[in-house]
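These notes are about the structure you will find just below.
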Amino acid sequence: MNSLQFILRGLKHHRTGYLGVLLGSALGTMVLLGALFAGDSVKSTLRQIAEERIGKTRNVLVGGENLFLAELASEVGKDTAPVLQIQGQVSEPTGRTIGQTDIFGINERFWDFSISSDKGPTPRISEKAWPINKELADSLDLGVGDTLIVRLRKPSLVTGDVPLADNDDEIITLRGEVSHILEDGEMGRFSLAQSQLNTPKVFLPLPALAEAMEQLPARANLLLSRDPIDPATFEKRVRSSMSLADYGLSIVDAPENGHLAIRSERIFLSPTLEAKIRATFPRVRPTLTYLVNTLAANERETPYSMVTGADPTLATFVPDDLKDDEIALSSWEAEDLAAQPGDTVRISYYVLGKNNRLTEEHAEFTVRHIYPLEGAAADKQWTPDFPGITEAETNADWSSGLPLDMKRIRDKDETYWDNHRGTPKAFITHSAAAKLWQNRWGSATGLRSAVWDIPQEQIETKLLNVFEPLDAGLHTRDIASESTAAASSPVDIASLFLSMSFFLIVAAVALTAMLFRFNIEQRNTESGLLTAVGIPAKKILRWRLGEGLVMVTLGALLGAVLAFAYTRGLLLFLEKIWNSGGERLFQFHASPASIAGGVIGFVILMMATIWLVTRKQGKRSASLRLTSGSEEIPPTSHRKRPRLIALIFALIGIGSLAASSQLGPSSAFFLSGFCFLIAGLALWKSVFQLTSRPKSSNHGPTPEPEHQPDRGLQSAPPSKPPNNAAQPSNPSLSTSHFSLSTPAQLAKTNLARRPTRSLVAIGTLASAIFLVISVTSFQKHGAGEWQDPTSGTGGYGVWIETASPLIRQASGQFEFESDDINTLLPVRVGTGDDASCFNLNSVAKPRLLAVDTTQLEGRFSIKSTAEGIEPSWAALRNTPSPSDRELQLAPESEQAIPLRAFIDETTLLWVLKKKPGDLIEYTDEFGTPFTVEIAGTLTESVFQGSFIIDEAAFVKRYPSSPGYRIFLATTSKAPAEARADLQRSLTDLGATISPTAERIAAFHSVENTYISIFNVLGGLGVILGSAGLGLVTARNLAERKDEFAMLHTIGISRRITRSIITREVRSLILAALLIGLIAALISILPSLPQQPAPGITLAWIAGLALLTTACATLSAWLAYRSQRN
């Protein structure tokens, strides 16, 4: 008989015993592969979503609030497409509405970017027929041909915060029908945001949208390119194709004085553009025209007049030596005020103060000169095009962001407007005007010169040669590379589930190895006979290992099949976190590398473990095997070794907890837990060795004889007595030694005689108990008292997020404010991506949220800060900052100063994987890099996923930031009731309103889902450990049937026998509970004071104790009944 035949016959004969090995291997492989498959599925899904999200786009020009001409796309190349992206709301005729919908203005080129563009006709789109994506269709239950209504706020070329801007934004309502429902691969997921979550989208023809918004020619804020060129080449193409209009600039002729003036559509010239223009044409000089509330002198007033600050070389009708405290009045204004040279004129005007609130300021000037209102002085081009004012027919028609009192307008003012429009009524020096009216947008409303020396076309060419897209706030992005990088989730799902399943895999391996060893021990007599007849012990061991390899391999293959269903169950858990829609988000994917690596890896791990626990069998003599029968042969280990192991692992566990900031919270938790479990098991073994020693040296287990060369049957001792002459296998059962304390001592002695199987049973059960108790302690329960200012809600009851930015009205309030709102915190939304736990993608730069940090004093909880930074909101304001004027003259002066930010602790640790004091680089509106310093962390706040920075520092870097999109409010009503009221008042703004407590609870639900997965795996571990305990008990009882027969023969009742068995089982359960519980408590000790619900953890401990005891006792009872029968 060859080795293969022997192995196959051994498997056939002992197939029942090997069934446990097969199932254990299947379980371990299933859990291992399930973790790997889950990681493959998430990675594959994120890659697919990233591809669908951007289509064939490789590079993109992003304007945001800065618009450029749509025809720029044609100038750049044929593989480009212009897109206008704005947000609004969509409703259907019955009234169902969804806010924060992405509205895209596109042309036919856009469909060429779809990854399915070569597979069929493009979606139909026309003025009244619009494609929508599945997210919008499912949200409003829309189908092809259904009517939908789009409401959006007309975008303005001028930032709404700019003084003199027309803030009376018009709500545009468009009506059409659904022409097509876009699949994800048909650009239905199109977005530049790095997120796997889809948003509602509707696509309108760009020309029709531009006409509806009265913005012709059509403009865009995105330019997509599918040309496979590098970002630098793409930027060069864009730059070479741009016109002055794309920079928001124009050159206008002022024939009254022979000037050419450069003006900006955004009213104020940006400091960057102004500096480049003046460097290119040194003769140009800035002008600044502003609307003042009052010109007063001699107890007379002129309401609402334009005053211009200009160099005397431009305003040749004023004295060349006009000083900064002097003013030149037009003849019309001098007559109106009855002013003469030497009189004092008081000017009143609005400026934008803190929190974008208008405050009225005053300045006094001495009349130096009175000039006639004719010629160059009558030039209407001194005043830029102020939206809502310049095109007004009368003064009464003015629409401005300033709180103007039209009752002050006189007939003579209307006559002046009819004759002279916005011609200035007074002039001061530009330096004086800049001191009064400069702001974050600039200090000039125009640049002029009487001498250019070259034609206008050459002026444009020279300017375009020095301008860059960044000067107009236009950024180029390598969106293809960004999306690929973002698709690598910051949460390694495979590693996460492997760590979750670690203890379960170890338990399955240990239990399977123990079952295999049971089979080997059951065949000790067979092995002894084979050795006695001359078969080498090593060959017998190889046969046994061969049998194990076959069963483990079959079990691993079975586990691989089961892993497919198991993985789908794990993905369903993840769907609860990241998918709010009805369709499946994650597509199952199992890579060949994961399948092969998982199966082969587990087989190697299992066989190495089996070899470790059976290797000593090959060293046993034939005589010892024959005498031991199926009994485990107690090792002769050093008694001090377990204590040394316990000490070493305990120290490693303590060290890992101390180094949690370096290792990371998850690594420190699992490493310390594993070490404390090993230390607990080693300590149990050491203590049990001491307490289980017989009191008399004459009554101990017979030590194993020294290993001697095998001499065959001649070396075998006398045969064991037959069963009918059963001898007690435990010497302490002699009647002369039996006493009332003997059952307890017998239980200890019997467990000590089988240390390996006892340790495996305890370790399996303790691991499961550790996992469930420790992880459950981190479960989050609600948002606490949302009214508490120090809670995660900051004491605010409602979170409001609008589709388009809002600015304060002239009254200083927002349009939706009512008496029911007690406190309102407006928040500016800046650049960056959502880094909250809802985003599976890797986020390099979290979204910036800018607030007035003085309103946050005493709110939220600052958990930790970087070294040298005080734990208060004032820390965000205490960064050295130059003045506005210094920043305009030298923008780079502030870039070296980091912008401080607070962020939610969860985001910092698990998504960014950084610590307080670290820096992240951003780029401001004009392409200048600056750093954000992580100044500290907040405890589970509603701002999860975003950096909180001070508003004053933010607007200096992003001056075009157009108002506020997020609001936190406290109301006189309960949050749920306030939400209903606010929803009605914010209907036209496409707002999403939610109680802050619900927002916190949603964040908690993500963490709790992970914990639920841990609990499921821990529950499987409890069942596995209980089953192992039952198997150990059954095995012990089977081996001790002669012992029990002797007890019954000498008159010891079954009640005492049951007591011995119960004590053994109880000892194992108690040891597992204590080791698992103590390891869990020590591992979670650093975070225990922050846990909100310790009572729930205690309830889990009690429940686990009852469940474990019940399962193990049931297993022991069944085993006892089986042996008794």
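If you go along the chain as it appears here, the first residue is 1 and each next one adds 1.
Each Cβ is built from the backbone N, Cα and C atoms, and glycine gets one as well.
Taken verbatim from TrEMBL:
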{"type": "COMPBIAS", "residues": "722-734", "note": "compositional bias 'Low complexity'"}
{"type": "DOMAIN", "residues": "499-620", "note": "domain 'ABC3 transporter permease C-terminal'"}
{"type": "DOMAIN", "residues": "1016-1122", "note": "domain 'ABC3 transporter permease C-terminal'"}
{"type": "REGION", "residues": "694-738", "note": "region 'Disordered'"}
{"type": "TRANSMEM", "residues": "21-39", "note": "transmembrane segment"}
{"type": "TRANSMEM", "residues": "493-516", "note": "transmembrane segment"}
{"type": "TRANSMEM", "residues": "548-573", "note": "transmembrane segment"}
{"type": "TRANSMEM", "residues": "593-613", "note": "transmembrane segment"}
{"type": "TRANSMEM", "residues": "644-663", "note": "transmembrane segment"}
{"type": "TRANSMEM", "residues": "669-688", "note": "transmembrane segment"}
{"type": "TRANSMEM", "residues": "758-778", "note": "transmembrane segment"}
{"type": "TRANSMEM", "residues": "1010-1032", "note": "transmembrane segment"}
{"type": "TRANSMEM", "residues": "1065-1085", "note": "transmembrane segment"}
{"type": "TRANSMEM", "residues": "1097-1120", "note": "transmembrane segment"}
In DSSP terms, the domain 'ABC3 transporter permease C-terminal' (499-620) comprises 103 helix, 0 strand, 19 coil
Residues from the same chain, set at least six apart from the ends of the transmembrane segment (548-573), whose C-beta lies under 8 A from its own: 7, 11, 18, 21-34, 37-38, 41, 497, 512, 516, 586, 588, 590, 595, 598-599, 602-603, 606-607, 610, 1009, 1012-1013
Using a cut-off of under 8 Å between C-beta atoms, tell me which stretch among 21-39, 644-663, 669-688, 1010-1032, 1065-1085 contacts the transmembrane segment (493-516) the most. 21-39
Same-chain residues at least 6 beyond the ends of the transmembrane segment (669-688) with a Cβ under 8 Å from one of its Cβ atoms are 499, 502-503, 639, 642-643, 645-650, 652-654, 656-657, 660, 663, 748, 751-752, 755, 758-759, 762-763, 766-767, 770, 774, 1071, 1074-1076, 1078-1080, 1082-1084
Below 8 angstroms Cβ to Cβ, which residues of this chain, lying six or more residues outside the transmembrane segment (593-613), approach it? 25, 28-29, 32-33, 36-37, 39-40, 509-510, 512-514, 516-517, 545, 548-549, 552-553, 556-557, 559-560, 563, 756
Tell me, what is the mean pLDDT of the domain 'ABC3 transporter permease C-terminal' (499-620)? 83
